[in-house]
Structures are given as C-alpha cells and as structure tokens.
Amino acid sequence: MASDIEQPTLSSANKAGQLSSESETGGVKEPLLKNENRKCEEFSVVSAILPFLFPAFGGLLYGYDIGATSSATISIQSATFSGISWYNLSSVEVGLVTSGSLYGALIGSILAFNVADFLGRRRELILSSTSYLIGALVTALAPNFVVLVIGRFVYGIGIGLAMHAAPMYIAETAPSQIRGQLISLKEFFIVLGMLVGYIVGSLLVETVAGWRYMYGVSSPLSLIMGIGMWWLPASPRWILLRAIQGKGNVDGFRENAITCLCRLRGQSISDSAPQQVDEILSELSHLREEQEATIAEMFQGKCLKALTIGAGLVLFQQITGQPSVLYYAATIFQSAGFSAVSDATKVSILLGFLKLVMTGVAVLVVDRLGRRPLLLGGVSGMVISLFLLGSYYTYLDDIPAVAVVALLLYVGCYQLSFGPIGWLMISEIFPLRVRGRGLSIAVLVNFGANALVTFAFSPLKELLGAGILFFIFGGIAVLSLVFIFFIIPETKGLTLEEIEAKLL
C-alpha cells in the first residue's frame, strides 16, 4: 500500500537549488515546455486501468444514487411495500429525501475548497468512500425520517468530495494521450451507475422495504472504492507540488514521485520515470507554482481565466435544462403511444441505455476529435432539440413524434458534449497550485446550478408554461454556444503543464 507524503521542513535555498533548471550560459530557466517535439508519455494500458477505475467508482456511486432514488421515493411512500409506519410523507419531506444528497454535495464541495490541497487527491477519495459507506448504511437502516435525511446528507458529502477529487486524480495520473478518454469514461461510469440504479429500483420497487435494499446496495461498492484508493499511490504531481512549495525534502519527494509514477504507468517506464518527474519539476518551477494560492488569487490573472472557463462550462451544463427535459420523458413517450414504456421507471431505463451509448461514443472520439468540436456539435444539437420541444408544447402538440425525436436528440447530444466534456475540462484547465480550490468552486457551481434549476422549474412551468420555458432553455443554449466558441480552448494532446503555459 502506498502512503501519502509527510511534511517535514526544507529551506527555500535548498529548494531553489534543487528545482532550478538553468542554462549553462545565462543562468536563465529553460522550461521544457518549449520543447515542441516532446515524446509521447510511455505507459502500460493494464497499469493505467486501476488508477482510473477506483476513482471512477465515485462517479458510479453518484449515478447510482440518482437512479435508485427515483424508485426509492415510490417505495418509501407505499403503504404496502414501504415496511414503515411513517410512509405518509409530505411533498416537502419527499423533496428532502430526493435532494438531501444534493445538499450534502454542496457542503462537500465547500469542504473540498479548504482541505483538498492539504489532504491530496488520494486521501480525499478515501474520505469520500467513507462518507459514501456511512451515508448508505445510515439511510438503509434509518429507523425514522430524520435519520433517513441525515444519511442522505452524509452520502451527499461523499458525492461532493468524489466529484471534486476523482477528475483531478485521473487527470494528474493519466498519460496525456488518453487523459480525455479516461476522464470522459468517468462520466460513462456516472451514467452506468444511473442505469444500474434504475434497474435495481425497478426490481425492488414492489419488495417490502425495497428502498432500504436500494440504498444498501451502494455499501459494498463504496467499500471497494475505499480499499482501492487505499492501495493506489498518491498523485505524483501533487507530491511534486508539495515539494516545490517547501513542504518537505525535495529529494525524498522526488523519489516518492518516481515510485508512484512507476506504479501508475507500469514498470515499462522505470528507466524514463526519473526524467519525466524532473521535467514536471522543471515546468512547475518555471510556471511559478512555488507559492500556495490565496483565495484572492482565484479571481486574478490566469486563475480567473481558468475559473471563467471551468465554472462557466459547468454552469451552462446545468442551466440548459437537462433535469427539466428528463422530467417530461415519461409524458412524452406516453403521448406518443409507447404504452410498453409509459411508466417512468421503464422510460428511465430506456434513456439510461441511450445516455450510456452516446457517452461511450464521446469516450472513443474525444482524444481524436478534440473537446471543442464535440462541445460545438453537441450543444448545437441541444439547441435544435430545445426549440423543437418548445414548439411541440406551444403549437405542435398534435405531432408527438416531434417531442420524441427532440427528447432523444437532446439526450444524445448532451452526452456527447456537456455531459463528459464539462467534467473533463474542469479537471484539465486549472493551474496545479489552484487546481484543488478551482475545481471545488466549479463543482460547487455545478451542484448549486443543479439545485436552482430543480427548484425553479415547477414554479416557472406554472407561470410561463412548458413551451415558453423550453424556448428560454433554447436561448440559454445559444448563449452557451457563443461562450464555447469564443472562450473554451482546445486541450487535446497537451500535458497539464502545457495547458497552463500555452492556454492561460
């Protein structure tokens, strides 16, 4: 088992001597970023699987909660199948069950802002798995409503921490050639978790106390995640960041980083690992990563640019209406005469399969086509689908095929674009020394916007009508296209240090 680094002391003079990469003639740092002919990073595919798989379990557990809760809220309100005496819940109480994990995720994102760089990505994911496990067990065994909500809240803290740390760990440990695929594959795991949750829920919804089993299923998965992260090494880039910030002996940190890199990429790189670590050290030193970031710095210079890109992307990801479109899925299919899928659970399973397939397509092409083409193409499709939905609910309600096509187009295009690429970009774009705090702000914006859209949807629908609301979402999607075209850079094939040096 690999342990994270300790924090002994180091003089700044010794640190500078170890890290400076100076030319023989002028004593000026020569950053390796200037090397345009940089060789591709060596790695073993087999060795790259586990450093992705265990962090991705954090996404799987997040998706599972979304899918299972849709059936759990039905089960817990059933006089026949709830298995409890307090099944007669009010709409507010049902809302707390549904959104309790969302509130917890918001708190988890705030916690991550303060502890991420101190704990490191690996230990934050271990903490996340612990929160998942405790939350799942408390929810499944809850003797009353209050304990149930507490369990949902604790589980949500795990979501917030996992959605913050998993993209960072994968981005910092993955070879640049397949970084986009692996981070996008984490979105695939979220969708897979949703699909598993829908299926488990449909199987247990008519079982006595079925909701307890639905939530309890996530316990062994969170245990696997925790054990896996305990076994995996820390992120070499995080170790080197601590080194150049004077948190310990540079030589010791360097050897630790080399050992971790060999474990992450396989023994095939054992000869080149020291060189790769030295290159990262030199690049980090050139990029002036020595000082720890302050909160004020998050809103200045290149940090502000990265925050604009990351937070803006996940904001548009939520306010272009994804929860609202899926809310109408069962109604749309039923109006089109698809009686076999007229109930919400079966519709959810069908859409889950579609989301899974389209996310798989994005995973396969993201490192070949790039981030911008997928975003521009996918969001363009979302614009068309939202205006089609607005038209259907305004004056084409006698042609239900329009709504079905629009729904499927929206879901497919979202999973090609905002779904995976949003999480990918926020894990790549922040400079290393502010990555923990920057990503926590982006995740907070994501969950906050999700909560806003969720709670504003019903009153806005009653006030404006579904048609006008979808037209508004379509207009917001057009604005997001403008934002993507002018603001979002292409990061395909670049190392994280090159992204910071060339794009920020």
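Cβ atoms are placed via backbone N, Cα and C, with glycine included.
Nobody curates TrEMBL annotations by hand; they come from automatic prediction.
A quick note: this is a predicted structure, and the numbers were derived from the prediction, not measured.
Residues or ranges marked as compositional bias 'Polar residues' by TrEMBL: 1-24.
Per TrEMBL, the feature domain 'Major facilitator superfamily (MFS) profile' maps to 51-492.
Taken from TrEMBL, the feature region 'Disordered' covers 1-30.
What TrEMBL lists as transmembrane segment is 43-64 (among others).
Summarising the annotation, TrEMBL assigns transmembrane segment to 94-113 (among others). When Cβ-Cβ distances below 8 Å are used as the criterion, the transmembrane segment (94-113) is approached by residues 65, 69, 72-73, 76-77, 124, 128, 131, 135, 148-149, 152-161, 163-165, 436-437, 439-441, 443-444, 447-448, 450-451, 454 of the same chain, each at least six residues removed from its ends.
As annotated by TrEMBL, transmembrane segment applies to 125-147 (among others).
Here the transmembrane segment (153-171) has Cβ contacts under 8 Å with residues 51-52, 55-56, 58-59, 61-62, 65, 100-112, 116, 121-122, 124-125, 127-132, 134-136, 138-139, 179, 182-183, 186, 218, 222, 235, 423-424, 426-428, 435-436, 439-440, 443, 446-447, 496 of the same chain, all six or more residues outside its ends. Per TrEMBL, the feature transmembrane segment maps to 153-171 (among others).
Long-range contacts of the transmembrane segment (183-201) within the same chain, counting only residues at least 6 positions beyond its ends with a Cβ under 8 Å from a Cβ of the stretch, are 52, 55-57, 59-72, 75, 166-167, 170-171, 174, 214, 217, 345, 348-349, 352-353, 355-356, 359-360, 362-363, 366, 415, 419-421, 423-424, 427-428. Among the features that TrEMBL reports, transmembrane segment is placed at 183-201 (among others).
Taken from TrEMBL, the feature transmembrane segment applies to 213-232 (among others).
If you look up TrEMBL, you'll see 347-366 (among others) marked as transmembrane segment.
What TrEMBL records for 373-395 (among others) is transmembrane segment.
The transmembrane segment feature in TrEMBL is assigned to 401-426 (among others). Counting residues 6+ beyond its ends, the transmembrane segment (401-426) has Cβ neighbours under 8 Å at 163, 167, 180, 183-184, 186-188, 191, 309-311, 313-314, 316-317, 320, 322, 325-326, 328-329, 332-333, 335-336, 338, 351, 354-355, 358-359, 361-363, 366, 371, 374-375, 377-382, 384-386, 388-389, 391-393, 438-439, 442-443, 446, 488, 491 in the same chain.
Same-chain residues lying 6+ beyond the ends of the transmembrane segment (438-457) with a Cβ under 8 Å from its Cβ atoms: 99, 102-103, 105-106, 109-110, 112-113, 116, 160, 163-164, 167-168, 298, 303, 306-307, 310-311, 314-315, 317-319, 321, 323-324, 327, 422, 426-427, 429-431, 469. Annotation comment: TrEMBL describes 438-457 (among others) as transmembrane segment.
Sequence annotations record features per position, and here TrEMBL assigns transmembrane segment to 463-488 (among others). Within its own chain, the transmembrane segment (463-488) is flanked in space by residues 308-309, 312-313, 316, 319-321, 324-325, 328, 371-372, 375-376, 379-380, 382-383, 386-387, 389-395, 425, 457, which lie at least six positions past its ends and keep a Cβ under 8 Å from the stretch.
For the domain 'Major facilitator superfamily (MFS) profile' (51-492), the model gives a mean pLDDT of 89. Long-range contacts of the transmembrane segment (213-232) within its own chain (CB-CB distance under 8 A, at least 6 residues past either end) are made by residues 1-2, 50-51, 53-55, 57-58, 60-61, 64-65, 68, 71-72, 75, 122, 125-126, 128-130, 132-133, 136-137, 139-140, 151, 155, 158, 197, 200-201, 204, 207, 263-264.
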